[in-house]
């Protein structure tokens, strides 16, 4: 149950972040529907982050904060991949070393002691 909730929280918060990025992209566009598109993406971002918070509150009833919060570091990995492959952002070697360090930390924290 905890893993499922963590997955939902992570997905919703990542989607919320991507919607915020899309709002910025829409705002920079010079189309006549710029404001409407931007508002759509901002409202969608707020909704995704709000639903993510509700699932997060449920997750905190199951897992200690000291375990649950670091597990959300997976979001750094997901958002970096989305930035690179969807928005064609450049990710340098230092960034990938940081991502690998985060992944190692997640693995270490998820291991039973």
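The count begins at 1 with the first shown residue.
Note: Cβ is positioned from N, Cα and C throughout, glycine not excepted.
The domain 'EamA' annotation in Swiss-Prot covers 42-111. Per-residue confidence over the domain 'EamA' (42-111) averages out at a pLDDT of 92.
Long-range Cβ contacts of the transmembrane segment (39-59) within its own chain (Cβ-Cβ under 8 Å, at least 6 residues beyond either end) map to 2, 5-6, 8-9, 12-13, 15-17, 19-20, 22-23, 26, 68. Taken from Swiss-Prot, the feature transmembrane segment applies to 39-59 (among others).
The transmembrane segment annotation in Swiss-Prot covers 62-82 (among others).
Taken from Swiss-Prot, the feature transmembrane segment applies to 91-111 (among others), supported by sequence analysis.
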